[in-house]
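Visitor: Here you go, one structure.
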Amino acid sequence: MKNTLAFIKLARPLNLVIIAATLYAMRYWVLLPMLEPKNFELPSSLGLFTLLVISVVMIAAGGNIINDYFDTKTDAVNKPGRMIVGVHLDRRVALYSHGILTFLGIGLGAYYGYQTGTLRFIVLHVFVAISLWYYSTYFKRETPLGNFVIALLTGLVPLTIGFFDLFPIVKSVSKETATELADQGLSLMVYFKILIYWILGFSLFAFWGNLIRELLKDLADLKGDIKAGRRTLPIVLGEKGGLWISVGYVLVWCLGLLIVEWQFLDSTLSLCYILGLLIFPMLAILAMMFRFPNEKTYKRAATGVKWILFFGLCFSYFVKTIVFE
């Protein structure tokens, strides 16, 4: 029983739930509400789509496990009382679990692709699996490549819907449907571009937000990373240098959100949501780090950013209201 609980904890279930929630939110809160008015149908049933979600979650779980497998030296310093691999779970079990989860994840993704005519996009699963391996063994030790890689992989989660769900819809559009849209004054390309822009927007939000979070985690893990011989930004630039880089990241992120609001959304609802649940909390976290610059604060800040990213995901619920208001 203890081994089972240790395995579940090692896979980081909360992160996996967020990944699954992101995929469902992109499909049913962003894509579907904009397809239904034009009588477009999703390329797969809920049951089949769930297999795609499970495939992505499995690959992510395998990546989390292999990351801890190669991270024992740093964890011995940063979280000695919470180590799992080599303490509660045999190292070979962790390694084999990574391989099995990754293989099954790619297999399920291939099955979904075969059923929906998107088999070519299984390359995305393979790319993520390989990137997670090299992130754990090499990228995370180099600055700023490691943070960029993990942020990129996080940003690919919303894009999965674009590849596996939106592409087959675009491909199957008949000339009659295109003509009908044209009669309504809406170009087919413009219509699908709107959908793509929404998905890309959430992807960029996740990418940059995770870039901030990874830097905060590096600040929190500074002591362990030094002992492990890593070259993270806080090690290369110093703790203060890392803090000022985080300021730059946050300001770019906030500015990007404001530009999107003013140029594309122009909605009172979206403005209140973005300011109240995204920008102001992020600035408060930044102020807290400068007021109390220590390991405990950085860990809390990283957790706070995770919640901000979660609220950013929840914004997808209001897409239909904003688009059709």
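Even glycines carry a Cβ here, placed using N, Cα and C.
What you see is a predicted model, and the numbers here were worked out from it, not measured in a lab.
Okay, so TrEMBL annotates it like this:
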TRANSMEM  12-30  transmembrane segment
TRANSMEM  42-66  transmembrane segment
TRANSMEM  93-112  transmembrane segment
TRANSMEM  118-136  transmembrane segment
TRANSMEM  148-170  transmembrane segment
TRANSMEM  190-208  transmembrane segment
TRANSMEM  241-262  transmembrane segment
TRANSMEM  268-292  transmembrane segment
TRANSMEM  304-324  transmembrane segment
Visitor: Could you pull out which residues elsewhere in the chain have a CB under 8 Å from any CB of the transmembrane segment (268-292), counting only those six or more residues past its ends?
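Guide: Distal contacts: 212, 216, 219, 243, 246-247, 250, 253-254, 257-258, 261, 298, 300-301, 304-305, 307-308, 311-312, 315, 318, 321-322, 325.
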Visitor: The transmembrane segment (304-324): which same-chain residues, six or more beyond its ends, come within Cβ distance under 8 Å?
Guide: 18, 21-22, 25-26, 29-30, 33-34, 37, 194, 198, 202, 205-206, 209-210, 212-213, 216, 265, 267, 269-270, 273-274, 277-278, 281-282, 285
Visitor: Do any residues, 6 or more residues outside the transmembrane segment (148-170), come within under 8 Å Cβ-to-Cβ of it, and if so which ones?
Guide: 19, 22-23, 26-27, 30-31, 35, 40-44, 49, 52, 56, 63, 112-113, 116-118, 121, 124, 128, 131-132, 134-135, 139-140, 192, 195-196, 199-200, 202-204, 206-208, 210-211, 214
Visitor: I need to check the long-range neighbours of the transmembrane segment (93-112): which residues 6 or more away from its ends have a CB within less than 8 Å of a CB in the stretch?
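Guide: Same-chain residues near the transmembrane segment (93-112) but 6 or more away: 3, 7, 10, 44, 48-49, 51-52, 54-59, 61-63, 65-66, 68-69, 85, 118-119, 122, 124-126, 129, 164.
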Visitor: Do any residues of this chain, six or more beyond the ends of the transmembrane segment (118-136), have a C-beta under 8 angstroms from a C-beta of it, and if so which?
Guide: 43, 55-56, 59-60, 62-63, 66-67, 69-71, 102, 105-106, 109-110, 112, 146, 149-150, 152-153, 156, 160, 163-164, 167-168
Visitor: At a C-beta cut-off of under 8 Å, are there same-chain residues at least 6 beyond the transmembrane segment (190-208) that contact it? List them, or none.
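Guide: Residues packing against the transmembrane segment (190-208) from afar: 22, 26, 30-31, 34-35, 38, 151-152, 154-159, 161-162, 166, 170, 181, 249, 252-253, 256-257, 260, 264, 309, 312-313, 316, 319, 323.
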